[in-house]
Amino acid sequence: MASKTKASEALKVVARCRPLSRKEEAAGHEQILTMDVKLGQVTLRNPRAALGELPKTFTFDAVYDASSKQADLYDETVRPLVDSVLQGFNGTVFAYGQTGTGKTYTMQGTWVEPEQRGVIPNAFEHIFTHISRSQNQQYLVRASYLEIYQEEIRDLVSKEPGKRLELKENPETGVYIKDLSSFVTKNVKEIEHVMNLGNQTRAVGSTHMNEVSSRSHAIFVITVECSERGSDGQDHIRVGKLNLVDLAGSERQNKAGPNTTGGTATQPTGGGGGGGGGGGGGERPKEASKINLSLSALGNVIAALSGNRSTHIPYRDSKLTRLLQDSLGGNAKTIMVATLGPASHSYDESLSTLRFANRAKNIKNKPRVNEDPKDTLLREFQEEIARLKAQLEKKGMLGKRLRRKSSRRKKAVSAPAGYPEGPVIEAWVAEEEDDNNNNHRPPQPILETALDKNMENYLQEQKERLEEEKAAIQDDRSLVSEEKKKLLEEKEKMLEDLRREQEATELLAAKYKAMESKLLIGGRNIMDHTNEQQKMLELKRQEIAEQKRREREMQQEMMLRDEETMELRGTYTSLQQEVEVKTKKLKKLYAKLQAVKAEIQDQHDEYIRVRQDLEEAQNEQTRELKLKYLIIENFIPPEEKNKIMNRLFLDCEEEQWKFQPLVPSGANSSQMKKRPTSAVGYKRPISQYARVAMAMGSHPRYRAENIMFLELDVSPPAVFEMEFSHDQDQDPRALHMERLMRLDSFLERPSTSKVRKSRSWCQSPQRPPPPTAHASLAASAALRPTTVLDHE
């Protein structure tokens, strides 16, 4: 039991309060938060409290007020965690709080001003400074940047930032993200470039409480792999992972609604995140709902971990809790920074944040060193570099041997008298050169440079020699033209082979140098004296931070013991003094009782509010479900619905329903699908009528279906004349009725009893003559009334 307690480590919680903003000061909001930096206490006063109600006090590992600096937070709280990551532990730093309380400022800060840099840029400087000061160690640093936007995981530094990534789980390595891009970085500038590239595509928006509000949870992952030679003579690799989490703020829609006057409302990632200022109002409720649901799931996980009775930890309720599974109750060291707003209108949110942080203090993690894992990229790099180096050395030795042969030829020609000729001289020269090389063997980097130079010199010499031989062949007039052409082709081929060999060697050398440059080796090109001074300063800074922490813990312990001592002292000089002391103690206990009752009432109110929110969300989902059921029942045939229902299955890893593929995965996808039975042997389906027509011999080209083609028969337009009476004494109404009756009698003339086949005028054998202009005018004149009624 003792070993188990020793191996566990509590989650470290610190609180930070921002100053009042200009908008809050102009609105007349008062400050309700008091920070005691020495004791690590936060006191929250209720602006709507009744007379005599005591303020609420919370105690944390460290407290930073509005006057605190970014360097203070990093040096005292975060630096020991990053040192642990460099030793092979997993570490997580995440900021939690209401929107507009300074989470992004705490994690990122202002990149231009060094004093206002946040946790992430300070961690960059810390990691690469440590690597440059280390000795006899090789490092590989990788960086990834992702966000969780509306419960979708997106890669911020990918070429397709809007692509949705899948969350997977491996029994050996734990939870991981499939196809997440990772960049190998060699210095602070490169890793800052990865960070800036991801910030350009992260979802942000403007609300009433914050002009640049984070609309997604962002996680910047730094993986540090270290290789060091152990006492057994073998290389041992440690892998540390640092998760830097910038959570989106919890918010209420009535306070943090969309800021329609702020111009662009969102800078979405890829295809998500909302539109401009007008469209932001529709996206903000969705974003806020997803943010609050994921933060609620995070709160449920912390509540389950802080309580001893819970046996089930709901990690799968959210993508955020799945990714932070190792950081919450796992094998990582974790720091939580609770950011607070001091204004009176943020009382409820500040109280909720303080309670959340107070529960998180009870979480226990069991950190361990990740030593010699199987999937280290550093080991793969080392093996690949060794293979490329062997190939380069082989090519260098080959060039050296070829160069020796050419030099031997020259020496053999000018051999002194008394020595044998031929291979003996060549062997003697080779042995002499080998002895000289063994006696004066250069160091490893000089050897690599020498090999490269020797290979380049050899290739250059061979090129010059081939060019000279080509020129000599062209100038030699004793050769026949065919022989000269053949020799020139051979020399040209040799020159082309030489060029290819040179290109292959250069490509191999470039690949070797590129991979070797990605490995960071500590202690190179750094002055030892400066290193020692920096190390001493670092140790002193850590000692000061540790001393402050111990002093704060001792003061908290002294306060508790003073209260216990006051209770134990029971000596009184008189009954009156005893009554006064006990009355004071009774009032103090009564105040504590009232504070506990108020806390219980607040918890009850919060429970009711959360329950109402859940009921509202459930009603909304039920309403949407009924609508979709109604659409399915009225617009989708039952057989199609059954086909869809038979293909559905639940993916337990992603907690989503998915469709099974129509073609089984085991089948050969390259095999052509069979045509339907109605089209066997034909290019397209053919009806039975067309098949019969084909059997009868008629042309079935346009007879794909049993459709009758009937010709239309349109009669030519009939022109008739209407006779009207010119009796001026007749009543105008009667005259008008007479005209209508004549027109009706013409329209209702009996049709012939013969049924004619319809035929269009263009298909009729005798087309009617086109009406002339005179006939048209005559017809129109006949239809117009020719009499003028005079009512005078």
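Glycine too: its Cβ is placed from the backbone N, Cα and C atoms.
The ATP binding site feature in Swiss-Prot is assigned to GLY97, GLN98, THR99, GLY100, THR101, GLY102, LYS103, THR104. The coiled coil annotation in Swiss-Prot covers 374-627 and rests on sequence analysis. The compositional bias 'Low complexity' annotation in Swiss-Prot covers 257-268, 773-792. Look at Swiss-Prot and you will find 269-282 tagged as compositional bias 'Gly residues'. As annotated by Swiss-Prot, compositional bias 'Basic residues' applies to 397-412. Annotation source Swiss-Prot lists domain 'Kinesin motor' at 10-363, citing sequence analysis. The feature region 'Disordered' is assigned by Swiss-Prot to 249-287, 397-418, 749-792. Annotation comment: Swiss-Prot describes 628-792 as region 'Globular'.
Summarising model confidence by region, the domain 'Kinesin motor' (10-363) averages a pLDDT of 83. Applying an 8 A CB threshold to same-chain residues 6+ apart, the list for LYS103 (ATP binding site) reads ALA95, TYR96, GLY97, SER214, ASP246, LEU247, GLY249, VAL337, THR339. If you draw a 10 Å sphere around the CB of GLN98 (ATP binding site), it holds 24 other CB atoms from the protein chains shown. Neighbours of THR101 (ATP binding site), defined as other CB atoms within 10 A of its CB across all chains, total 27. DSSP assigns GLY100 (ATP binding site) to coil, not to a helix or a strand. Neighbours of GLY100 (ATP binding site), defined as other CB atoms within 10 A of its CB across all chains, total 25.
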